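Annotated features in Swiss-Prot:
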- Cys68, Cys70, Cys83, Cys86: Zn(2+) 1 binding site (BINDING)
- Asp458, Asp460, Asp462: Mg(2+) binding site (BINDING)
- Cys811, Cys884, Cys891, Cys894: Zn(2+) 2 binding site (BINDING)
Amino acid sequence: MNNGILHQNYNSKKFDIIKISLASPEVIRSWSHGEVKKPETINYRTFKPERDGLFCAKIFGPIKDYECLCGKYKRLKHRGVVCERCGVEVEQAKVRRERMGHIDLVCPVVHIWYLKSLPSRIGLFLDMPLKNVEKVLYFESYIVTDPGMTPLEKKQLLTDEEYAEALENYGYEFEASMGAEAIRDLLADTDIESEIELLQAECEESKSTAKKEKAIKRLRLLETFQASGNKPEWMVMTVLPVLPPDLRPLVPIEGGRFATSDLNDLYRRVINRNNRLKKLLDLNAPDIIVRNEKRMLQEAVDALLDNGRRGRAVTGSNKRPLKSLADMIKGKQGRFRQNLLGKRVDYSGRSVITVGPSLRLHECGLPKKMALELFKPFVYSKLRLGGHATTIKQAKRMVELEEAVVWDILETVINEHPVLLNRAPTLHRLGIQAFEPRLIEGKAIQLHPLVCAAFNADFDGDQMAVHVPLTVESQLEARVLMMSTNNILSPASGQPIITPTQDIVLGLYYITREKEGARGEGKLFSSYEDVSRAYNSGTIDIHAKIKLRIDRQVFDTKGNTYNEKGVVNTTVGRALLLNILPEGLSFSLLNKVLVKKEISKIINQAFRVLGGKATVVLADKLMYAGFKYSTLSGVSVGVDDMTIPDNKEAKIEEAEKEIKQITEQYQSSLITENERYNNIINIWSKTSDEVGASMMDAISKDTVSINGEKKEIESFNSVYMMAKSGARGSYNQMRQLAGMRGLMAKPDGTMIETAITANFREGLSVLQYFTSTHGARKGLADTALKTANAGYLTRRLVDVAQDLVVIEEDCGTDDGLMFSAIVEDGEVKVPLVERALGRTLAADVVTEKGVVLLEAGTLLDENLVELLDDNGIDMIKVRSPITCKTRRGLCAKCYGRDLARERQVNVGESVGVIAAQSIGEPGTQLTMRTFHTGGAASLGITVSDIKVKTAGKIKFKNIRTVTNKEGQEIVISRAGEIIVSDTMGRVREQHKIPMGAVVPLASGKAVEIGDVIATWDPHAQPLITDVAGKVVLEDVIDGITSKHTYDDLTGQQTIEITSISQRTTSKNLKPVVKIVDEKGAKLKSIPLAVGAVLNVADDSILEVGDIVAKIPLEGSKNKDITGGLPRVAELFEARRPKDAAILSPCDGMVRLGNRDTKEKQRIEIIDKNGHIVEEILLPKSRHLVVFDGEQVSRGDVLADGPTDPHDLLKYKGLEEFADYILIEAQSVYRMQGVVINDKHIETIVRQMLRKAVILDEGDSKFVKDESIELVRILEENDKLRKQGKKEVEYELVLMGITRSSLSTESFLSAASFQETTRVLTEASINSQIDNLRGLKENVLIGRLIPTGTGLAVRKESAKIEKMREELGVEDNMVFTDLSSFNPEEISFDSIQSQKEDKDINEDIEESLRNALESLDF
């Protein structure tokens, strides 16, 4: 393969594109510096390379710098001389890393990638099956290359016997041969143009889709060859390039042996076989021997290029497969991922971390020894500049001896020189942050406790790495962008990430608690100082309730100021905290018991009102106070803190009695095995909860006597305080310590029915211990698997989104998504206020009275979203990354607010990577388990009615009802909802109403809290008729499609429909209830699903609203719900679920029962005129949810099942699809309590919609039904529009993140992701060009990435390049546009003086200035 870079000047970094294509033999020879003729490597006695061998110095260059092999010419002065004795050019030794050689192959050899990488390019080009091509290649069959006048066909295969027979019959009128020569001749003889014409004709005429698809594939391949300038015969090699020797080294190890790269073995085999073949041909050896040797040469080259791709892999002496050229570049250890995307860095160290409770937020403690090693160069230069040392050598000695002056200089060097701390795994950008180092004794790095959450660090032996930014530019970026004080908010959710945890929370909770009857209760103080004095002198207790006079200024988020004055009721502890509360925040924030949530609120409020700097100071002070008081409190865990409730034994006895009853009922066959199991699980979980509740009662209350009176007060029990404050532990853990452990899960998620009645304080018996090992080990195994899976998900997400950067301010679209509150189980889970915050409006917000409240294009901040809430707005249209019209990037308006910075996102922000990190990072917190509905997990009470939780009005949505003979309104629609709005008209509840529910109130009626608005049978779904008439049962035959059961106890008869799989005969019968009028004309037919129990008999008369049959809901409830990480991966991979719901492809009327086949049922959709518009064939086992004659709209569900996102996009449109992915993904995260902003998920969805399928090619070169990048279609349409031609029509197609990553425009990005061989094979045939637009491609070639400061540099250099062209300036003239400079803003002189070479690149200077302007620094 020929990389376009190679012909450029080696030092040049100034290339804009990289092109990859097939290399012709001439190109390979032009790279080469000589032919490798011998398989020898180096002489075992002299250790010098053999001439013409694999390490030959004449071909590849000298071994030592500027010295020829025989030693005649040495030193720099002979540079460029070719020694006449040994033929070596006097040059630097590093040319041995660059100079290639070549091997002239005696016979052509096929490149295995183009043969075996599927689809086989050679097979496709020649229109031959891969098997046949291989038969010819490996000398099993002849192939006819020119049939002449004989009846043989071109490309026909002949065995040896057939070939001999043909020779006898036709003599030499035809040509047939075998091996790579034959393939090469066929490739070279193909007339590409005429083949293309033939294929185009075939595409248009062909009726069969399979043929058409194959023709399109082949047409595409031929077209690429035609367009790319590659010749097909170049897929067969006649010259083999040889890698430079320093890239496949041979190093002597002790004992006179050599360690060598596997490539040398592989090259040796090729050279040996090539030379042997040359000899055999010179000797005119028999054909069979030559053939065998040619085959062996082909196999040797195959092994060198891609070992193991065909047949068994060639192994070395230790039975290990040899590493071929392909293995060198692919996989985690390959060139791409090991050396280009992940490099090791200098000036770094790592050590264990310990806690640094006295540090400030922007500091870290760095061990002196480590700092000295890291900052050595700076120390050396300072020692010289300060006159302490005259040479570097002397400075080095001083540092080694650790003289006193060295430590002083180290102090000055590290002053204000930030270092980067990183903790692996770096799952999001907060995994690397900058700190100012503080020198400490010891060997461990000290870390500030508040940043632990961001690093996910704890101090149980975690290690962290330190990196030193060297250049001034990098120090500046570290300080402005990466300093821990500039990363207060999480980029995933916009919530503070430096909130106190554990001990700090416990300390703050402890001192803000109040205690009845404490010393000094009821006293009045005039100021904080008075309280402090009284507390320190011991006259008042820290928990005493007191009165305090305050006088403070308070700011709100809108910037208004008001005074907070007067006497407040508080406690001593809260008054002591008043000192750390900054001016501008209300005392009411502190004047309560501070649990974790409340502390988080204080920090949040401080950030909103006072800004970053004040927040950092406050966070530090809160931390110091928390640590101080948690130490003073003396809270710790003792055995007596766990109080076992008195009624525990009684409760357990009661449970055991109930279980005994249930077991007896089961034994006398009154209940099923399933019911027995579920009941037992229910009893134990109820008992366990009750014991837990009484334990909490006991632990959470203390009885004290105040002035002789007994009073119950909240307990000061240590365990209770830890859990209550949110510092450590949970109710569930406390229940296991002092209540009962309860039910344990098996690894598959089901519950073990023998509960553990003991708790940890009493201790477990051997059996109980054994029972609990089950679940515990599952947990550990899960965690290990989960980490790897979450990491892989993150990697796929980053790969798909890496090139998505904000590249412009506004794309000008008015498209967007409709946002409303997210409602689950009737409750508002996420209010609109939260979803809308930080988004840009796509349309005006209008109140009910028609007043424009907010105009389109407004960025919604905290104050504006409150305005929405106050005016009862429950739906708005916001701009979204999914609908952004910017090409190859995003615009700032569609993205909205940068969550970590609280203002509109900057141009140049790499939002794609941030989105991927935000979704991937919590992945490790998600569960791996799939949840089972059933077992104790969700056996709550079965819901059979809906009670209103808020007073207001109800409104029906998509609900159709009929009135039955009792006068009740019965719902007959499927996807109906009842919406409850409050007096302001805001949606407060939303409830899904099942078919068959009774609704007592009409739409628009007022309701009070607790009113019932719907009731239904929770155990069965009824089929209800909306017409009156006589029943005719069709295909309901006892013993075949249905079974009669007679209940002895109740005397009831039931008819139940049986499943098709249970029938031996008559599989095409379809049980149906027909309703006919007096004349026998059909009014309605209702298909009966498997398991349906009939409520009517043949010939019975039905009224409107009567129940025809009931489908028991037992069976449908026990399907597994995929949860956790696998569900997120499933969504982003856009997998089609098994037995997905079938959606209607168009509007029309459903017609069933026509022309059903043996296995399948046919659904026809007909238009008004009775013409069939669409037909769908389904297995008979699928249950339809539509009736014959029902009207459906495009996208309505015809057969139920899980949603297929592809169909949703196709039939319901982009908005419904986006909504579905957002809600589904968010619900998984919400279950784990993880907050992720919607826009991150939208950003990934945008990348999943990068391709579109052509519906009508218009006047373009595209082919119908082909899928192409959306950007290319839009660009083509622009051209066509300008020329006044017909544009391309297309529709979006959905691709999973893996497929989307592999089909990006950049082949470098795709190759470094997965399936490297396939990607490179395809790219080289297409002569693909990589425009180096994404982040990954630029990292690979070692440049600034085009985001942030890199984007500014890129824009600047593009501007300069343009000016150069206009002015005709040559490359060596320095030229910068300084017109936009404003030297007053920043004085760069101070920076210049620190840099020895004064010439700072001006465009970097400009970009840094832009960066500084965009951050309020």
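Each residue, glycine too, has its Cβ placed from N, Cα and C.
Projection of Swiss-Prot feature records onto the structure.
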residue : record                : Cβ neighbours (10 Å)
Cys68   : Zn(2+) 1 binding site : 25
Cys70   : Zn(2+) 1 binding site : 14
Cys83   : Zn(2+) 1 binding site : 20
Cys86   : Zn(2+) 1 binding site : 17
Asp458  : Mg(2+) binding site   : 11
Asp460  : Mg(2+) binding site   : 5
Asp462  : Mg(2+) binding site   : 16
Cys811  : Zn(2+) 2 binding site : 19
Cys891  : Zn(2+) 2 binding site : 22
Cys894  : Zn(2+) 2 binding site : 29
Cys894 (Zn(2+) 2 binding site) to Cys83 (Zn(2+) 1 binding site) - Cα separation in whole Å: 67
Rounded Cα separation (Å) that holds between Cys83 (Zn(2+) 1 binding site) and Asp458 (Mg(2+) binding site): 64
Cβ-Cβ neighbours of Cys884 (Zn(2+) 2 binding site) (radius 10 Å): 26
Listed in sequence order, residues not in Cys811, Cys884, Cys891, Cys894 with Cβ within 8 Å of the centre of the Zn(2+) 2 site Cβ atoms: Glu808, Asp810, Thr813, Arg879, Pro881, Thr883, Lys885, Thr886, Leu890, Ala892, Lys893, Tyr895
Spatial neighbours of Cys86 (Zn(2+) 1 binding site), counting only the binding-site residues Asp458, Asp460, Cys884, Cys891 and Cα distances within 10 Å: none
Chain-mates of Asp458, Asp460, Asp462 with C-beta within 8 Å of site centroid, Mg(2+): Ile353, Ala457, Phe459, Gly461
Cys68 (Zn(2+) 1 binding site) and Asp460 (Mg(2+) binding site), Cα-Cα, nearest whole angstrom: 58
Alpha-carbon distance [Asp458 (Mg(2+) binding site); Cys70 (Zn(2+) 1 binding site)] in Å: 61
Cα distance (Å, whole number) from Cys68 (Zn(2+) 1 binding site) to Asp462 (Mg(2+) binding site): 52
Per DSSP, three-state class assigned to Cys894 (Zn(2+) 2 binding site): helix
Cα-Cα distance linking Asp458 (Mg(2+) binding site) and Cys891 (Zn(2+) 2 binding site), given in Å to the nearest integer: 39
Distance from Cys68 (Zn(2+) 1 binding site) back to Cys884 (Zn(2+) 2 binding site), taken between C-alpha atoms, in Å: 63
Length of the line joining the Cα atoms of Asp458 (Mg(2+) binding site) and Cys811 (Zn(2+) 2 binding site), in Å: 45
Alpha-carbon distance [Cys68 (Zn(2+) 1 binding site); Cys811 (Zn(2+) 2 binding site)] in Å: 63
Check: same-chain CB within 8 A of Zn(2+) 1 site center, minus Cys68, Cys70, Cys83, Cys86: Ala57, Leu69, Gly71, Lys72, Tyr73, Glu84, Arg85, Gly87, Val88
